[in-house]
Amino acid sequence: MRTNPTTSSPVVSTLEEKNLGRIAQIIGPVLDVVFPPGKMPNIYNALVVEGRDTVGQQINVTCEVQQLLGNNRVRAVAMSATDGLMRGMEVIDTGAPLSVPVGGATLGRIFNVLGEPVDNLGPVDTRTTSPIHRSAPAFIQLDTKLSIFETGIKVVDLLAPYRRGGKIGLFGGAGVGKTVLIMELINNIAKAHGGVSVFGGVGERTREGNDLYMEMKESGVINEKNIAESKVALVYGQMNEPPGARMRVGLTALTMAEYFRDVNEQDVLLFIDNIFRFVQAGSEVSALLGRMPSAVGYQPTLSTEMGSLQERITSTKEGSITSIQAVYVPADDLTDPAPATTFAHLDATTVLSRVLAAKGIYPAVDPLDSTSTMLQPRIVGEEHYETAQRVKQTSQRYKELQDIIAILGLDELSEEDRLTVARARKIERFLSQPFFVAEVFTGSPGKYVGLAETIRGFQLILSGELDGLPEQAFYLVGNIDEATAKAMNLEVESKLKK
């Protein structure tokens, strides 16, 4: 789908015929504005409040029209703090939705929801802008061919492979490693595929946003010496922002990604951390707008809001957007309406397990809960499919035997079951992997493991060729050759101790 980005002078030119209203009511981030009869703005139009507060400080607040109330009043949601606003202040209707800069000028820079740079590196070329509200590509423009997107992370590539141009969800509670996994994916994809990425930080910690930026500069994903050669654009609407900004920042990031897909005809990666915060912000705004809450206090328009964002993330004949979204699961409950609604849109799910994280298995991806529509013999091939199924069967059998082991001990198991448990424990450890972005914490260098190497490694474990090796040799290594080398080192160390 071709975008029609506007190539024009700055927004000021659209304000020549100013359509002015006045603030009638302020409730937190929600403003009611009165306009003259016949001059009502459209839904989603951007309104600008300019002036000075009681202390004489300059105010410049952008809002978005959400409701037409009647009696020439509209209700709008502010995209920044409403401190200092007063009733009676003038409001300018810009006559258009929020528009943000797009194209090469966005690479290597950090933006807020309005498309304004917030990294103190000077202004951005805003000659090419695009509105954040657009319809999804028409059915006839979609591209339907299926291909795997290799990530270099063993557990992902083997058991829940990602689809090129698909939508992937990272599910997990607080502190199990969603953001670290996203950072590793950005790192691997920039280095292995040379693709352009757009990162949307939606309602997450400002510290994490800053850490990610520094990490990208260190790893060369953002090129400080020549910003234009950077591989990623960052859009942040963090926890401290009003709900309006957190609700729309995902659309700002998506608009930038769509331009790379439709006009530059590139394959783009869109990271959203965290899609739950998008729903949460929508819930806050919905309550402020006076809508009746739905299940568990969520907004009644939850499915519609999610659909309007997710349906724009797709592959067209021009290019693709592959989206990887972190999904916070409230109280680890996958049946909560927010994660449950997200599930419906995904091609693959990577579920992070607190039990594995507690064991020190990182990435803590649950091999049994994680799924992918791509894991079919006709797509990935018989060898990959068979290996993945056998890994899952072995892990499932180990899970079933854990109660018996806890009560009676390993000795009460049959010979066959003991062998299954030993292999399952090796598989569990071999599914861990040292990350490039976690080198600082783990002290071991990161590893990128190709799909062929991953399949070979698990086939060797399942065949029984490596039954003699200790299970700790498989922990936090790259390919299977490193595991055998580590086993030899462990043997040498144990002999020296004796």
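Here the Cβ of each residue, glycine as well, is placed from N, Cα and C on the backbone.
The ATP binding site feature in Swiss-Prot is assigned to Gly172, Gly173, Ala174, Gly175, Val176, Gly177, Lys178, Thr179; the stated evidence is sequence analysis.
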Determine the Cβ neighbour count for Gly175 (ATP binding site): the number of other Cβ atoms within 10 Å of its Cβ. 10
Sequence-ordered list of residues in the chain of Lys178 (ATP binding site) that lie 6 or more positions away and have a Cβ within less than 8 Å of its Cβ, or none, is Leu170, Gly172, Asp273, Asn274, Ala326, Val327, Tyr328, Leu352
Listed binding-site residues (Gly172, Gly173, Gly177), ranked by Cβ neighbours within 10 Å, top entry: Gly172
Would you mind listing, in sequence order, the residues at least six apart from Ala174 (ATP binding site) in the same chain with a Cβ closer than 8 Å to its Cβ? Tyr328
Minimal Cβ count within 10 Å, across the binding-site residues Val176, Thr179, points to Thr179
Suppose the ATP site is Gly172, Gly173, Ala174, Gly175, Val176, Gly177, Lys178, Thr179. Which further residues of the same chain have a Cβ inside 8 angstroms of that site's Cβ centroid? Tyr328, Leu352, Ala357
